[in-house]
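Step one of this worksheet: look at the structure below.
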Amino acid sequence: QLSEDVERASENPTEEREGEMEVHEDSSSVILPDGELGTTTPSLRFSKTCLKNVFSVILLFIYLLLMAVAVFLVYQTISDFREKLKHPVMSVTYKEVSLYDAPGIAFYPGKARLLSCKHHYYDHIPPLINPGQPGDIECTTQRINYTDPFTNQTMKYALVVQGPRDVKKRELVFLQFHLNETDQDFSAIDYLLFSSFQEFVSSPEKAKFMKDCESSYSSWKFSGGFRTWVKMSLVKTKEEDGSETVEFKQETSVVNYIDQRTKPRSDQLFFVVFEWKDPFIQTVQDIITANPWNMIALLCGIFLALFKAADFAKLSVKWMIKIRRRHLKRTRQVTNHIS
């Protein structure tokens with residue numbers, strides 16, 4: 001508005017001077033010939049005005065195109081954000097530890113009997129002196145009976161053993177079972193891994209604790225007549241509600257056991273070793289890659305560009321209207337002067 005006022009103020013002296021010139025010309029009664037009426041000056045002004053108008057129209061179309069691109073970017077940004085909210089990305093992190101919380105190993109031996117259980121280090125397992133005979137049980141064990149969580153009718157017997165802890169010294173637990181006779185063609189013992197033996201010991205309702213573990217964790221088997229080596233790794237999963245679940249991954253290798261006892265036996269021997277695979281606890285959680293602050297900043301920039309583009313387009317239209325008015329005004333003045 002200030003610029004318009006200044007332009008109007010600047011235009012008034014020219015109009016006054018033109019009026020004085022007209023009065024002076026009328027008073028002197030000077031008649032200019034048709035060729036000397038200044039035909040070149042209006043044509044030059046008209047060509048410059050046309051160029052300015054064309055340039056303004058081109059700029060207006062360019063800014064309208066930029067506005068359309070900005071609107072498309074807003075739509076695309078919001079669509080991408082909603083899509084990322086629906087499909088979070090799985091994030092996996094590894095935490096190195098020197099000591100694990102001792103896991104619990106629940107065995108379901110059935111008619112089999114535990115002969116020996118020892119902790120060894122650095123993967124060194126000495127040869128058995130009297131295989132098939134009772135030996136030392138140096139592991140912390142507990143026996144428990146509870147009802148089957150899936151049938152609620154049959155009773156289950158579990159032998160819970162404390163697992164290895166020291167991963168730096170490569171601690172392992174070596175167990176030996178003995179089964180006198182079996183009515184099946186093959187024999188195997190089921191076992192179950194859960195995250196903390198100490199939680200089982202401190203639980204006031206151990207039967208309920210074991211039922212929950214059996215409902216939540218998977219069970220595996222190891223066969224008789226073999227030495228089964230189990231290497232465990234721990235995976236923690238963080239749920240959307242903030243809770244954390246724990247599961248085990250394991251790698252097993254089976255080696256044939258050569259029975260060197262003097263007399264042929266009909267009984268079956270079981271050997272199993274439990275060891276940690278590595279000192280890394282794997283944590284898995286779903287993360288949303290869409291950052292709301294980045295989206296808000298991008299939208300603010302886009303809306304600012306839209307506002308500036310709209311403001312420029314409005315000023316361009318006003319400028320074109322003003323130039324058109326000036327051109328018409330000068331045309332009228334030239335027409336009046338000629339008349």
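Residue 1 is the first one shown; counting continues down the chain.
The backbone N, Cα and C atoms fix where each Cβ goes, and this holds for glycine too.
Worth saying up front: this structure is predicted, and the values here are computed from it rather than measured.
Among the features that TrEMBL reports, region 'Disordered' is placed at 1-36.
TrEMBL lists 1-27 with the feature compositional bias 'Basic and acidic residues'.
Only residues 6 or more beyond the boundaries of the transmembrane segment (54-75), in the same chain, are considered here, and those with a CB under 8 A from a CB of the stretch are 298-299, 302-303, 305-306, 309-310, 312-313, 316-317, 319-320. The transmembrane segment feature in TrEMBL is assigned to 54-75 (among others).
Tertiary proximity for the transmembrane segment (293-317) is limited to same-chain residues at least six positions away from its ends with a CB under 8 Å from its CB atoms, namely 56, 59-60, 63-64, 66-67, 70-71, 73-74, 77-78, 81. What TrEMBL records for 293-317 (among others) is transmembrane segment.
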